[in-house]
Amino acid sequence: VYVPPLHTYLPELRARIREAVTVINPNVLINKLEIQSLHLYPLENAKHHHTQNYEVIHRENPTIVLRRAQPFHLVVGFSGRGYDSEKDVVQFIFTYGNNPNFIKGTKVQSTLTDKYRKDDQMWHARMQGSTDQDITVEIYSPPDIPVGKWKLEVHTKPQGTAGVISSQYEYPEPIYLLFNPWVETDQVYMKDERLLDEYVLNDVGKIWVGPNSSSKGREWVFGQFDAVVLPAIDLMLERTSVAPEDRGNPIPVTRAISKIVNANDDRGVLLGNWSGHYDDGTAPSAWTGSVPILDEYLETGQEVSYGQCWVFAGVATTVCRALGIPSRVVSNIVSAHDANSSLTIDRYFDMDNLELDYDPNNPEGIDSIWNYHVWNDVWMARPDLPIGYGGWQAIDATPQETSDGVYQCGPAPLEAIKCGAVGFNYDVGFLLATVNADLVRWKEDENSDFGYSKIYSDKYHIGKRISTKKPWIFDPNGDRDREDITEEYKAKEGSKDERLTLLNGVRGSERAKRFYMLPSKSREDIDFELVDLEEVKLGEKFSVTVNINNKSNIGRTVQASLSAASIYYTGIKAHVIKRATGEFKVAPKSKELLRLTVKPEEYIDKLVEYCNMKIYAIATVIETNETWADEDDFMILTPNLDIKISDNPVVGSPCYVSFSFRNPLKTTLTNCKFRYEGPGLVRNTVIDYREVQPEEEVRVQHRFNPQRSGNQKLVAAFNSKELVDITGSISFEVTDPEE
């Protein structure tokens with residue numbers, strides 16, 4: 001069949017197209033439906049979507065913040081003539097990201113109809129009413145669309161025309177569509193709506209820090225509704241490896257959050273620093289909330305200096321709650337860092353009972369025990385796992401170990417951690433060790449093929465208490481708002497279920513099997529007990545005390561070593577403060593007491609930030625070669641920051657806040673700063689202060705104008721070069737001005 005060349009019939013084709021267009025165009029030009037305005041009722045829609053607290057909604061040119069899987073309403077205004085369903089087509093085009101695509105779901109076109117939607121998985125635009133010059137439309141978005149910033153255009157065209165657009169209107173502001181935990185079809189749905197007041201809407205909370213005997217709730221301003229937060233999250237998401245079309249799935253999104261909150265990969269938010277030296281940045285203890293961190297990140301596009309675990313967790317909570325993912329901060333008191341996936345924390349001693357500062361059997365690094373460690377739980381269904389593993393999932397933004405080659409951790413189902421299902425995604429084994437590893441002590445043994453013999457395995461040392469803030473309660477002066485969730489992570493310590501969980505995890509790890517197969521030495525006839533220290537105030541003496549009970553009918557010779565050291569909260573030793581060793585006799589059927597007393601002048605100059613201490617004891621019975629060791633952490637307590645507010649604060653009127661504390665040190669405090677902030681009250685404020693003299697009573701007053709009525713919370717911190725982490729908070733009522 002002969003086909004003529006294209007150039008021979010192209011002019012005729014063009015002429016026919018022009019003829020067809022001229023048939024349509026005269027009517028279109030005369031009768032076209034011209035869009036004049038588009039109004040999205042920012043505040044009215046926000047109230048139905050639980051987004052009315054976002055500051056960007058209340059600007060002169062408001063940004064729309066809504067939730068997916070829930071209808072919202074808008075009005076399209078026309079000039080010239082009104083909408084006629086017999087003649088006109090109105091289309092709503094939503095786009096997401098830099099390269100929107102219909103196939104990937106980042107570009108959608110929804111045509112106006114008067115019919116009710118039949119499919120909750122599809123976009124829908126339904127006519128709700130009209131006047132001569134406008135139409136009211138209900139828009140519905142599906143429960144799995146990408147969250148974040150969308151753009152909206154409205155097009156009109158005549159009925160029966162495919163490509164002719166009569167008029168188009170681009171909405172000038174972005175539209176944020178967020179996760180929706182209030183709607184059952186959303187993957188982050190939480191059935192008990194009352195809990196969402198805490199886990200999504202509460203913008204001030206507490207993070208428990210400190211060792212077991214003296215942990216305390218540190219107040220933190222999440223500030224998820226601040227105007228800088230959503231734009232900062234835009235920047236964070238763009239820097240992750242999560243494709244735009246996958247940003248509606250909370251599993252990869254929360255995994256990416258655990259990575260992007262730290263600055264180790266992807267040009268993330270916070271640079272971690274545990275050295276105690278922060279002259280080129282902000283000390284982690286000086287932060288009172290997430291907003292100034294995200295503000296600096298958004299403004300500079302660079303990592304912010306510096307963070308530690310509770311700061312990473314505080315920022316992660318802000319990001320999750322801002323996106324609509326239920327989130328809580330979790331603190332694990334006595335937390336394991338298992339560096340070699342053995343599900344054990346290993347301590348090694350030489351023949352002279354001196355602890356080694358390296359792991360002879362782990363080239364990957366040394367295990368450590370943090371006084372506490374803080375991470376997040378996030379709430380979601382897990383359709384990628386068997387039934388029963390939805391609900392709370394642990395994520396950890398602190399860069400400890402890599403997962404899939406980068407510093408990220410989770411989401412790991414709490415149910416999987418609790419039952420030792422280490423094969424499920426993601427990082428279940430690491431988190432199982434974090435809360436439930438055995439602390440194993442080894443002593444050099446030339447007769448062992450391993451080079452060391454297992455002298456004792458402590459099954460109860462790790463994960464002494466796992467805490468979060470209790471919903472609906474805020475106690476600025478105590479711990480009434482602390483909730484113990486230990487048994488959500490593991491069965492009761494000492495129970496058969498708890499042991500079975502750990503051993504189930506061991507079966508899933510070849511390295512853990514090798515460590516747990518090695519036998520422990522049997523305990524003989526002498527019992528040792530290291531007495532825990534409950535509370536020591538700065539300037540008081542303390543003692544390392546060991547009780548010894550010889551149950552045998554034979555006298556024993558005991559070689560013992562007692563010591564005290566200052567440590568960083570990560571468990572790394574800073575300074576040995578005092579050590580004593582000796583050998584002594586214990587008579588048959590008798591008890592003895594060993595005590596090492598440490599005076600204030602021996603420890604004050606050797607304290608490091610947060611004033612954490614560790615006491616150690618190790619003893620060997622010469623006749624039986626039985627060896628015992630134990631350790632305990634405690635904190636030298638520093639004063640709280642006392643906060644007072646002037647009487648009857650009123651919105652928009654000057655209000656005075658005062659901060660006071662007593663310097664407990666016999667040394668001058670330098671480089672002093674107060675910081676305070678409160679959502680709806682005042683943005684993060686830094687007050688530079690003079691040097692504080694030894695044992696001086698300090699009182700500072702500052703003025704601010706409250707911006708919001710109701711019950712408000714203010715959080716503050718004092719830091720200096722010599723003394724850090726003096727914190728406090730206050731809750732009070734702000735009234736509206738009288739008419």
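Just so it is clear, glycine is given a Cβ too, placed from its N, Cα and C backbone atoms.
Those TrEMBL annotations? Automatic predictions, nothing curated.
Features as listed in TrEMBL:
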- CYS309: active site (ACT_SITE)
- HIS373: active site (ACT_SITE)
- ASP396: active site (ACT_SITE)
- ASN436, ASP438, GLU493, GLU498: Ca(2+) binding site (BINDING)
- 301-399: domain 'Transglutaminase-like' (DOMAIN)
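Ranking the recorded positions ASP396, ASP438 by how many other Cβ atoms lie within 10 angstroms of each Cβ puts ASP438 at the bottom. Of the candidate active-site residues, CYS309, HIS373, ASP396, the one lying closest to ASN436 (Ca(2+) binding site) when CA atoms are compared is HIS373. CYS309 (active site) has a Cβ environment of 27 other Cβ atoms inside 10 Å. Using a 10 Å Cβ-Cβ cutoff, HIS373 (active site) registers 28 neighbours. Here GLU498 (Ca(2+) binding site) is compared against the active-site residues CYS309, HIS373, ASP396, and the shortest C-alpha distance is to HIS373. Cα-Cα distance from GLU493 (Ca(2+) binding site) to HIS373 (active site): 19 Å (rounded to the nearest whole number).
For the pair HIS373 (active site) and ASP438 (Ca(2+) binding site), the Cα-Cα distance reads 17 Å.
Of all the binding-site residues given, namely GLU493, GLU498, the one with the smallest number of surrounding CB atoms inside 10 A is GLU493.
On the 0 to 100 pLDDT scale, the model's mean across the domain 'Transglutaminase-like' (301-399) is 92. ASP396 (active site) sits 9 Å from CYS309 (active site), taking the Cα positions as reference. Counting only the Cα atoms, the space from CYS309 (active site) to ASP438 (Ca(2+) binding site) is about 22 angstrom. Those same-chain residues not listed among ASN436, ASP438, GLU493, GLU498 yet with C-beta within 8 angstroms of the centroid of the Ca(2+) site C-beta atoms are ALA437, LYS459, TYR460, ILE462, GLY463, LYS490, GLY494, ARG499, THR501, LEU502.
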